[in-house]
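Pulled from TrEMBL, these are the features on record:
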type     : residues : note
DOMAIN   : 43-293   : domain 'G-protein coupled receptors family 1 profile'
TRANSMEM : 27-52    : transmembrane segment
TRANSMEM : 73-94    : transmembrane segment
TRANSMEM : 100-122  : transmembrane segment
TRANSMEM : 143-165  : transmembrane segment
TRANSMEM : 199-224  : transmembrane segment
TRANSMEM : 245-266  : transmembrane segment
TRANSMEM : 272-295  : transmembrane segment
Amino acid sequence: MLGLNGTPFQPVTLQLTGIPGMQTGQAWVALVFCILYLISIIGNLTILALVIREPSLHQPMYYFLSMLSLNDLGVSFSTLPTVLATFCFNYRHVDFDACLVQIFFIHTFSFMESGILLAMSFDHFVAICDVLRYATVLTNNRILAMGLGILAKSFTTLFPFPFLVKRPPFCKGNVLHHSYCLHPDLMKVACGDIHVNNIYGLFVVLFTYGIDSTFILLSYTLILRAVLAIASREQLKALNSCMSHICAILAFYVPIIAVSMIHHFWKSAPLVVHVMMSNVYLFIPPMLDPIIYSVKTKEILRGIRQIFWKTWG
C-alpha cells in the first residue's frame with residue numbers, strides 16, 4: 001500500500017480471515033467457538049465465585065487458582081469481540097490501532113498464565129518440601145506481591161510491542177490469517193527491516209516461557225525427589241493434588257510447543273494447520289482449566305455440587 005507521498009504506510013483497517021477453507025461451514029464454526037467461550041467463561045466465573053464465597057477455600061492454593069481463572073477470562077475476552085464479529089456477523093475488519101491493543105492483551109495474558117503456573121508450582125513445592133513453613137512462606141501479602149509481580153513483568157515486557165509493530169511499513173496487503181490479531185501474523189504483511197521485531201519477540205518468549213518452564217521443571221524435580229526420599233502420607237496426598245496442576249501445565253505448554261515445532265520444522269504445512277494450532281493454543285487452556293480443577297480438586301467439586309443442589313434441588 002502506498003501513501004500520498006508514494007511511501008508505504010500503515011493500513012487504516014485490517015481484514016481478518018477466520019479459518020481458511022471453511023467459508024461454507026461458518027455457522028458450525030461459530031457454534032463451536034460459542035460453546036468454547038461459554039464453558040470457559042462460566043467455568044472460570046464459577047471457580048472465582050467459589051473461592052470468594054467459601055471460607056474453606058481461602059488458602060494459597062486456591063488464591064493462585066483464582067488468579068489462573070481470572071487470567072483465563074482475560075484471554076477469552078481478549079479474543080471474543082473479533083471472533084464473534086468474524087464468525088457470527090461476518091464482519092471481518094478491525095481498526096489497526098484496535099488490532100495493536102488486542103495483540104498486547106492476548107500476549108500479556110498468555111505470558112501471565114505462564115507466570116501463574118510457575119507460582120502454582122512454587123506453592124506445591126513449599127507444600128511438599130517445606131510443609132512446616134508453608135503458612136509463614138506463603139502469606140497473603142506475599143501471594144498478592146507475587147500476583148502483582150507477574151502482572152508487572154508481563155506488562156513491562158510487552159509494553160514496547162505496539163511501538164515496535166508501528167515501526168515498519170505495511171506494503172504486503174492488510175489480510176490476516178486469523179479471526180484475531182497476533183504479532184507474528186501481523187509481521188507477515190509488514191515489509192522493510194523487521195529484524196528488531198523478530199529478535200525482541202524471541203527474547204520475550206525465552207524470557208517468559210523459557211525461564212518459567214525451566215523453573216516449573218526444577219520445582220517438580222525437587223518435589224519428586226522429596227517424595228521418593230520420605231514418602232509420608234501427607235506428602236503423597238500433596239503430590240496427588242499436583243495432578244490437576246500438571247494437567248493445566250500440559251494443556252498450556254503442549255500447544256505452544258506444537259505451534260513452535262510446526263513453525264520451525266514444517267514451514268510447508270497448510271495454512272489451516274497453523275490457524276487451527278493457534279486456535280488450540282488460545283481457546284483450549286481457558287476451557288480446560290476449570291474442567292480439570294473441578295474434576296481433580298475435591299473442594300472445588302464439592303462447592304459446585306452445593307451450588308447445583310441449592311439452585312436445582
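Each Cβ is built from the backbone N, Cα and C atoms, and glycine gets one as well.
Caution: TrEMBL annotation is automatic and unverified by curators.
Listed stretches 100-122, 143-165, 199-224, 245-266, 272-295 were compared with the transmembrane segment (73-94); the greatest number of C-beta pairs under 8 angstroms is found for 100-122. The transmembrane segment (272-295) shares more Cβ pairs under 8 Å with 100-122 than with any other stretch in the list 100-122, 143-165, 199-224. With a cut-off of 8 Å between Cβ atoms, the residues of this chain six or more beyond the transmembrane segment (199-224) that come close are 111, 114-115, 117-118, 121-122, 124-125, 128-129, 153-154, 157-158, 160-161, 164, 183-184, 239, 242, 246, 249, 253, 256. For the transmembrane segment (100-122), the partner stretch with the highest count of Cβ pairs under 8 angstroms, out of 27-52, 143-165, 245-266, is 143-165. Note on the transmembrane segment (245-266): residues 68, 113-114, 117, 120-121, 124, 184, 209, 213, 216, 220, 273-274, 277-278, 280-281, 284-285, 288-289, 292-293, 296 of its chain, located 6 or more positions outside it, place their CB under 8 angstroms from a CB of the stretch.
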